[in-house]
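Working notes, beginning with the structure itself.
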Amino acid sequence: MARFRASNILGDPFALATISIAILAWIIAFISSIIANIKMADYPNHAWWAIAYMFCCTIGVTVVVGSDTGLVYGVAVVGYLSAGLVLTSLSVNTLVYKGNSSAQAAAAGFILLSMIIIVWIFYFGSTPQATHRGFIDSFALNKEGGNAYGNGRPISTAFGHRPETTSTSAPQMYTSAQLNGFETSSPISGYPGGAPGSENRSSSQPRFGNPSASNLPANNNGQSQDEVPQPTEYPYRAKAIYSYDANPEDANEISFSKHEILEVSDVSGRWWQARKSSGETGIAPSNYLILL
C-alpha cells in the first residue's frame, strides 16, 4: 500500500473539511450517547454499534485519502459507508423523537454523520471521469493526476513534467565547409552518387571523401555514446491500474496493459524506470502504477 502522507489531507480542502466534520459529528454523537445512556433506561443498543462502526469507517477513509488510494479502494469504501448510512439513519430515527435533550443531541451527531456519508459515497462511488470529482480534485495540491479527470483516463502529463527525451529545438544547420568531407554521397535520396543524368554519377566512388569504416571511432560496448545506461537492479514491483500506450515519438517510453506487473528501479520521481517481464525497459508514468 502507498505511504500515508498528512499533506494529502491538509492539501485537499474537500478531504480536510469532510473528515473534520465527520470527526466532530462522531464526538458529538459519542459524548451525547454517554450522557443519554446515564439519564435514559431504554437507550438503543444499536446506536452504540453505529458509533463504533462509524469510528472504524472514519479511520478507514482518513487512511485511504492520506495514502491517495481512493481509485484503488473506492469500491470497498462505498460498501462500508453504505452499511454505515443504514446504521446512522436507524439511530437518528430512534433518538430524534426522544424527549431527552442528550438523546436529541446524539441524533444531531448521527444526522451530521449521515450527511458526510452521503457526500463520501457520491465522491468515492463516482468514476474519475465524473465532472464533479474532477472539479473537487482540482483544488487539491498533492492529488495525483489532478487535472486528468476530464479525459477518458488519466494522462501521464497531467501531474508534472517528465524528463526531456525528445528534442524540441530547431535542427542545427551546417555549411559544406563546416562538414569538411562528411556530406552524404547521395544528394537525392534513392539515387546513389547523385540524380539520374548528373555528372560523374557513380555509386562505387565517394564524391566528397566519405570516411571509411576504419576512420570511424570504435565502439567496444556496441551502444551509442549518447544512450543513457540502464539500471541493473529493479528492487520494486508495481501493478498497472490502467493500460498505457507509449508515445511513438519517444523511444524511451514503454507500453503496458492493465494489471500487468512491472519491475521498477526508482520510485522517487514522477516517471519511473521500469522493466517488463519480456525484458523491455523504459520509463512509465507513476500515476498508472501502484506499488506491490
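Just so you know, the numbers here start at 1 and follow the chain as drawn.
Just so it is clear, glycine is given a Cβ too, placed from its N, Cα and C backbone atoms.
Mean predicted confidence for the topological domain 'Cytoplasmic' (1-14): the pLDDT average there is 87. What Swiss-Prot records for 1-14 (among others) is topological domain 'Cytoplasmic'.
The transmembrane segment annotation in Swiss-Prot covers 15-35 (among others) and rests on sequence analysis.
If you look up Swiss-Prot, you'll see 36-46 (among others) marked as topological domain 'Extracellular'. Remote same-chain partners of the topological domain 'Extracellular' (36-46), defined as residues 6 or more beyond its termini with a Cβ less than 8 Å from a stretch Cβ, comprise 87, 90-91, 94-95, 98, 100, 102-103, 105-106.
When Cβ-Cβ distances below 8 Å are used as the criterion, the transmembrane segment (47-67) is approached by residues 1-6, 8-9, 12, 15, 19, 22-23, 26, 29-30, 33, 73, 77, 80-81, 83-84, 87-88, 90-91, 94-95, 106, 110, 113, 117, 120 of the same chain, each at least six residues removed from its ends. According to Swiss-Prot, the feature transmembrane segment maps to 47-67 (among others), an assignment based on sequence analysis.
Residues or ranges marked as transmembrane segment by Swiss-Prot: 70-90 (among others). For the transmembrane segment (70-90), the residues of the chain that approach it from at least six positions outside its boundaries are 46, 49-50, 53-54, 57, 60-61, 64, 110-111, 113-114, 117-118, 120-121, 124-125, 128, 241, 290, judged by C-beta separation under 8 angstroms.
Annotation comment: Swiss-Prot describes 91-104 (among others) as topological domain 'Extracellular'.
What Swiss-Prot records for ASN100 is N-linked glycosylation site, and it gives sequence analysis as the kind of evidence. Within its own chain, ASN100 (N-linked glycosylation site) has ALA36, LYS39, MET40 as residues 6 or more apart in sequence whose C-beta sits under 8 angstroms from its own.
The transmembrane segment feature in Swiss-Prot is assigned to 105-125 (among others); the stated evidence is sequence analysis.
If you look up Swiss-Prot, you'll see 126-292 (among others) marked as topological domain 'Cytoplasmic'.
What Swiss-Prot lists as region 'Disordered' is 185-231.
Annotation comment: Swiss-Prot describes 209-222 as compositional bias 'Low complexity'.
Among the features that Swiss-Prot reports, domain 'SH3' is placed at 233-292, with the record citing sequence analysis.
Outside the transmembrane segment (105-125), and at least 6 residues removed from its termini, the chain residues within Cβ reach (under 8 Å) are 14, 18, 21-22, 24-30, 32-33, 35-36, 47, 50, 54, 57, 61, 70, 74, 77-78, 81-82, 84-85, 88-89, 91-92, 95-96, 98, 132-133, 136.
Long-range neighbours of the topological domain 'Cytoplasmic' (1-14) within the same chain, counting only residues 6 or more positions beyond its ends whose Cβ lies under 8 Å from a Cβ of the stretch, are 62-63, 65-69, 123, 136-137, 139-143, 290-291. Across the topological domain 'Cytoplasmic' (1-14), DSSP assigns 6 helix, 0 strand, 8 coil. Taken residue by residue, the domain 'SH3' (233-292) breaks down under DSSP into 3 helix, 25 strand, 32 coil.
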